[in-house]
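**Q** Pulled these from TrEMBL:
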TRANSMEM  67-88  transmembrane segment
TRANSMEM  108-130  transmembrane segment
TRANSMEM  157-177  transmembrane segment
TRANSMEM  189-209  transmembrane segment
DOMAIN    271-471  domain 'EXS'
REGION    449-474  region 'Disordered'
COMPBIAS  449-458  compositional bias 'Polar residues'
């Protein structure tokens, strides 16, 4: 029985062509001389005979990053068009007399968070440029080198904010225009509560360490009881550019607490949450007072007179804010003949003083565009690095926007809310481009410190000279 010949089928894997090499496996002989397709089919047949299923490669079932990015952009565009369409239709349903009043109120609740979202986007761009230019911003801000937010995480946060805030605003417009006033009033309240909870949530999700660092820095700004770090006064400077945002946040929270959302109570200018409220100039001036106390604290620690001059700069914003607020509390003749000229003078002094300080102290003009020298040059680096027009643009725009910033600080000029919103957005843009050169200047100082310390440490002390056998002859 074992000595008889057996005819094998033509497609048997035990038959092999001439020149191919047989390899013994646990189920038979596998031919290695065939094509890759035949080998793949054979391996699949072998696995099926074994009862083994071959998992598909994760790369084969995952779409390409480009396809995912295009799909996300498509969804974002659909969302944006839907919000615009629903919001426009909701506004058109209202009467002409009610439309402008309601839009002003809706704008009050949502424009602060829109401006904060804009600042987060800009900060992500700042971090991206720092990364491209090999500026170690984590070292400058005393961050954990391995656990800090990169520009990608910042942009993710900004993306979610960009989606959530307009969606809430669209729901507010839609519900109010369809008579659901109570539901409409809950939209900004839920939005503000959600942002507050996301910031102070104590559990280890949503970048807990970064949120803790932000809250700790804010605490150090409000109570400067310790030595002032670069992160402390850098964030405090940003807060001065967002004083109008904090003023609108205060008015919005005030109306939520007094249950005036989605009502016409805001039209009462002399009410506790009205446009003539005393709290408006108080909130406007707080960021400047915080920065002023920081400068005084720095003088206490360092005894450098330049910190007193810097404190004087921030003090010049106080007359601009309070002289403007006096318009609603003095007689019209006194405002025109006395207080308005003083307000104009204080505005000019504050703008020019701040502009001078930006150029001579915060920035280093000797390496003004060095920040855009990328490690891997691209079109943006070629456009900005070493170009003279960057000098003229940054200096000129900084001067103009410093002057227009006075408009925002003046409560009596805030009737046109769209104009004030545009000026506040421009101030945030000015602070965005200011951050490039301020961080660059600090990075250059940080790099020069080790060299200075090294040169001083190389000098031998008197004890070293006495103990050094080669330092003297016997």
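Glycine residues also receive a Cβ, built from the backbone N, Cα and C atoms like all the rest.
Note: TrEMBL annotation is automatic and uncurated.
Describe the structural context of these features.
**A** Within its own chain, the transmembrane segment (108-130) is flanked in space by residues 137, 149-152, 154-155, 157-158, 161-162, 165-166, 168-169, 172, 188, 191, 195, 238, 242, 245-246, 248-249, 251-252, 255, 261, 266, 371-372, 417, 421, 424-425, 428-429, 431-432, 435-436, 439, which lie at least six positions past its ends and keep a Cβ under 8 Å from the stretch.
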**Q** Hey, which bits of the same chain come close to the transmembrane segment (189-209), Cβ under 8 Å, at least six residues off its ends?
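**A** Apart from its flanks, the transmembrane segment (189-209) reaches 109, 113, 144, 147-149, 153, 157, 164-165, 168, 215, 252-253, 256, 261.
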**Q** Do any residues, 6 or more residues outside the transmembrane segment (157-177), come within under 8 Å Cβ-to-Cβ of it, and if so which ones?
**A** 76, 79-80, 83, 86-87, 90-91, 93-94, 102, 106, 109-110, 113-114, 116-117, 120-121, 124, 183-184, 187-188, 190-191, 194, 207, 262
